[in-house]
Every structure is written in structure tokens, then in C-alpha cells.
Number of protein chains: 2
Amino acid sequence: MPMDTRTGLPVVGMIGGGQLARMTHQAAIALGQSLRVLANDVDESAALVAADVQLGSHTDLDALRTFAKSCDVVTFDHEHVPGEHIRALVAAGHKVFPGADALQYAQDKHLMRRRLSELGAPVPRWAPIATAEELVAFGLPAVVKTARGGYDGRGVFVVNDVEEIIDLLASGAELIVEEKVALRRELAVQVARSPYGQVAVYPVVETVQQDGICVEVLAPAPGLPEDVAVGAQELAIRIANELGVVGLLAVELFEVAPDTPGEAPRLVINELAMRPHNSGHWTIEGARTSQFEQHLRAVLDYPMGDTSLAAPAVVMANVLGGPDGGMSIDERLHHLMAAEPGVKVHLYGKQTRPGRKIGHVTALGDDLADCRARAARAGHWLTYGKALES
Amino acid sequence: MPMDTRTGLPVVGMIGGGQLARMTHQAAIALGQSLRVLANDVDESAALVAADVQLGSHTDLDALRTFAKSCDVVTFDHEHVPGEHIRALVAAGHKVFPGADALQYAQDKHLMRRRLSELGAPVPRWAPIATAEELVAFGLPAVVKTARGGYDGRGVFVVNDVEEIIDLLASGAELIVEEKVALRRELAVQVARSPYGQVAVYPVVETVQQDGICVEVLAPAPGLPEDVAVGAQELAIRIANELGVVGLLAVELFEVAPDTPGEAPRLVINELAMRPHNSGHWTIEGARTSQFEQHLRAVLDYPMGDTSLAAPAVVMANVLGGPDGGMSIDERLHHLMAAEPGVKVHLYGKQTRPGRKIGHVTALGDDLADCRARAARAGHWLTYGKALES
């Protein structure tokens, strides 16, 4: 055990140096620790702020082995580490959470759909496809997804005519097709699970998407009937248990209009993520235990923290890189702070690039509409360098 | 300007690598920054977690000059940097907050008492003393303090008989004497002030001391009449303005029984601190803007953040190093988390030594008594490695 002899506490290593590792390091500091980070580059979000950084690629098994030797437990900022590398680390005696058997369901949408179907979990009607004929037989319009490699809307195609994806079909990429559900809105629920088997589930949230990217999260999801919310939490717990997830699991859900008007809405599972997740950034100030601290507790097999809300309404808005507009990020921050002294800012230390997630803002209060307005104004200042016109 | 070209944001340097710098680094991460730290040793609290650490002494002007050159603004984790060094940095064109003219009043109790008396601020009856005769003439019992170098109760002596401090009187140390007030309890109020002159004041808190060390902070101070609380806040703002403080100012107060029973209690000033302060650790979860973020905003001349409470009652308890007791800090943390899933833990990465501040815990809720009980139980677990007997 490379237990940190200076502090008497275990060392958590996170593979990947993005904003999730950056915010996990923040949480680790409170627990008396310092996150060890495997980053590709010194300029990555987490590498800019963490004391203990190893440079190397998440696809380089030698780098992973060296990294794991200096950690008590290894976890992830993303889902791109090959399963065989994770198995090699575990075979060498390292603790890696989540394990490869669980993580495969967040890496491969075909495996995920098949496993969830076996479990009887609610999913859209789906099928694996390899040819245009199979797609036509499934029925159009439909949603075609690559089994591997997609995120933030990449690898997802709404298809009305086979011709639209003829190149993709010819590429040899493994594909699945899903029915285009009568989507009302998107929800998400996060659960943490420890090796001991303790689980802690967060309130269900609404996630607002634009062009396949999450732009806003409302906690708790407004207007969701209590029994539907509890059902979603129970579903997330069941999936975490059945798949053997250790750490955080985010279950992204579609809320579909009920077949019979007046009945409760129906939820179907869209995606799974096994790490801290954009749908949980609101928890930093909005829940008693942030998702980042909870992920650390889970992979360390510590008891889970209280997941209850810290305010009646919490709204998180992502800050995307915007046009240059002649105003520096530092000036934008000044304006935001002057206009919204109660909004919490999180910047990731990233170079601005249009559409790139460079930070997020969180507004808390008693009134959801007020929180949404404040978060939107704050996010707009950081993205565009000017006030949102009302 | 050494503005960080990777992030487009200014670099704040903090002199001193203790827990205040550690928690300031945590706050800096959210603002898109990485605190630059001047630490004596790689094992200091902040050096364990910050990416950007220079080793060197706060009394070495060359080290300070090198440090300041790589920062946009320099501030402090403690009050021990000599005033002439600060003046030398400012003369070389560096921004240093608070400045030497303000900081002297937190470094020298004689200067502080004289200046506060000139301002007409409420202080205990006091006098400078150099001889036993002067002490007797002032009247005993009384409180004798060294003008410089004391903190956490060091350098403070309750004196009933001159013989008790005959060695101190002979030492040549500059001393003051103060009346022993009819102390009911201790309070504190924090205010942040920016170079622009904006101020933001926190709610008045009660600080509970044992052996001269703060062990517990209750926010807001229970049972304090509204007008007395507002008066204390106005006093703190006035002192920050008059002394030209930039950054955080903590005003420690004695609540003294009123001369006439039934009247409002009287407040007199005990000490001043010009940095994030133990009386403000509760703000990390308990206020919308933590004292650490607020200090950064102030020294960066950013607009101040919202200081309002995040819960009706907030209790912070310090965790002091305790007896070994055969249980590691890691095991203690497990027990605490299992027993108190809603209590927030902050460990400073320090080696345990009896009486040393190694961390703190914070409990939030609707009921003060419940928060106190939870914080006490949690603190006891971390200090003693066993449950508090009720």
C-alpha cells in the first residue's frame, strides 16, 4: 500500500486530467488528501491545480502500471481506458474502480442495451444493425448510434432516410438503432456505490440539452411526481447493484409522454456514465455531499455522505466557449461577479474554443425560475462577454 | 504582469503554506486559478495539494522578491512577514494585500490598541507597561499581553500577582496590560474589503475558546440582539475602512455583561486578524461565499460575493490532535462518516500532535443544538478515535 506516509491517508489516482479530475482534487483536499492525476499534458484542467501529476496516456499500459503502483486505488475522469488494460492492472493486484466488468456498459452502447434489456430495465425499443436493410426493417425515423466512442451527442444520428448514413453503414463501425421516443424532457439520477455495497442516491434532476450537449441542470427535476422520482432512484440503485458499479453511476433518462393522457410519465434509459458527471455539478454547492466527494468516498470504501439538497432549488448552467468579442475571461468574470454576487462560478482553466465546456455556474435559492434566470445571466456573461438581453 | 497565459487569469501568491493557504487553493480552483504558495517545506498543508509551490522563508527578502515577481498579487496565510519586507516588495512595484500600513495593526497589539482608541472604537481599558510598578498602578488582576508574536492564546497572561510575570517584565519584551473584562462569551465578525473599497460583511458568530484556542464557532451567534449584531458589523466595516485593510479582516470581540441588567450587552474588541481566519471556516459550506473565495476576490479587486447564510444554523468544530489511542486517522474518518453522513470534514494533511489544529468539521441544519451535538461527536471521533460518551 503506497498509503501517503505524510498524512496517513490512502492515495486515490484518477486517470485523465480534465475538469472532473480538477473538481475531484478540490474535494480530495477536504478529505485530507491530494488526488494523484494521470494527465496527457501539463496544461490540462486538473494538471494545472494538482500537486501530484504523472504525465502519460490512458492507452499506454506501461504508464498505467507505473501510475497504479503509486496509488491505493485507481479511478477515472473518463471512460476511454481499454478494458484489457484495467484487467491487467487488477491482475497485478491493483484496486481499480469501477472495474472493467462494470465499465464496459458505459463504454459500449450495444452491451449496455443488451444487459439492461436482460434486466428488464426500461429502454427504448432497439436492435443491433449492420445493413441498410436491417435499418429499414426496424423502421424510420429512428436514432442510430455507434456502439463505442461517442459522447456529448457525437456518434448519435437521428435518421429519416437510410441515405443519410450510408457512409456510416459502410464504415464497419458497430451500430445500434433505437426508436425515436416521444421525448418530453431529459432527466438524470446519480447513485454512488462502494465495494462494501453501500449505495447513496441523489435527487432526480432535469437536464436541458442543446445540440446534444447538456447546457442546464435543474435540481430537483420540477414537477416530477414523487412516485416516478422514487422509481427512478430505485432503478439507478438496482442498475448499480446488478452491474457491480463502484463509484458514481449516472443514469440518463428520457421522460416520455404517457400512453394514456393523465397517467404518470414513462421513463426510459438513454445512457449510463460511471464517473462524476455533468448532470451532478450542481451538487458542489447544492447537495450536502458533492458528487466528487461521494465518488472519492465510494472508491475508498468510506461510508457514503448525505445526498440531500442544500436549497429548495438549484440550477447549474454550463459555460461554453463563445466568440472572442473583445473581452477577456478575467473581465467577464468581473462583470458576472458584480451582476450576480450569489452565483457560484467554476472555471476549468481551459483555453476558450467555441462550444467547448470551459466552466459552469450554479445558482441556489427558494425559487426555481429566479435561479434559472440568474444562472442564465451568469453563463451568458462568461460565454459572450455581454449581458443577456431580456 | 505574470498573468497566467494558460488561463488568461491573474496569479495570486500566498506567503505561508498552512491550512489557510490549503483552503484558499481549494477556492482558487473554482475561480479558474491555481494559488501560488510560498512554503517553508514540501510537507506543509498547502504544499501537499497545490500545483505551484516555491520553497522559502517568509523572512527571507530575496525569496519574497522572487516569489512576488511570479504573482499578480501577493497575500498572506499568516501575519509574520516583517513590515519592512512588505514595503520593499511594494517599492519594487508589486501588489501586496493587506499592505504594511494595515497589517501592522494585526502584528502589534500595542499599535492596535492605540489606533482603535484613537478611532473611538470600544476596547478594554488598557495601557503600555514596562515595569512592575506600572502594572500595580494599572490594577490587578489584569491581562498582560506581549505586543508582538502571540497567537492562539500564546503571549497572553492572566495576572493576579506581579510575581507571576516577573521574568516576562525582565525580558525586555514590549508589553501592554488590559482590564480583565466581565466576559460573557466571545464573538467574531469578518469583513472583506477590496482596493476599490467595496466591503462585504459576514454574520456575527460566537467563538467558543478552550485554553485560548478556538474550539467551536456558532453561526449566527445565538441570541444576539439584532441591533447589537448590526452594530458589530458596522464596527468591522469602519475598522476595515479606517485601517485601509484589503482582503479579510476578522474582528474578535468580547461580549461583556451590561452595566445595567436588562440592557443590551456591550462589545469590546479583543484582537484583529487580516487574513482568512479560524472564526470563518464555517463559511465554506455555511455561507454562499466562503471566506477563502472572498479573500481571493478582495485581493484581486473582484466584486465581493454574497455573504448570506446557507442554512439557519451552522456549527464548526476544530479537530485537535489527540492521544494516539491505537486508531489511525483513516479509521477515525471511516467511523465519523458512518456515524455522521451529513457532517463536512476538512483535514489539513498534518501530522497529529496533541493540541495541534489538524482539521475541522462543519454541521449545518435548522436546529443549533442538533448541529452542535453532531459537530461535537464528529470532532471527538477524529481527535480521540472513539465515540463521545453522552
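Cβ coordinates come from backbone N, Cα and C, glycine included.
TrEMBL: automatically predicted annotations, no manual curation.
The annotation ATP binding site is assigned in TrEMBL to A:Lys109, A:Lys145, A:Glu178, A:Glu179, A:Lys180, A:Val181, A:Glu186, A:Asn270, A:Glu271. Around A:Lys180 (ATP binding site), the C-beta neighbours below 8 angstroms that are at least 6 residues distant in the chain are A:Pro141, A:Ala142, A:Val143, A:Val158. Under the three-state DSSP scheme, A:Lys180 (ATP binding site) falls in the coil class.
Residues or ranges marked as domain 'ATP-grasp' by TrEMBL: A:113-300.
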Inset, instruction - Give the helix, strand or coil assignment DSSP yields for A:Lys109 (ATP binding site). - result: helix
Legend entry - Helix, strand or coil at A:Glu271 (ATP binding site) [DSSP, three-state]: strand
Inset, instruction - Using only the residues recorded as binding ATP (A:Lys109, A:Lys145, A:Glu178, A:Glu179, A:Lys180, A:Val181, A:Glu186, A:Asn270, A:Glu271), report the maximum Cα-Cα distance in Å, whole number please. - result: 18
Legend entry - Cβ neighbours of A:Glu178 (ATP binding site) where a neighbour is any other Cβ within 10 Å: 20
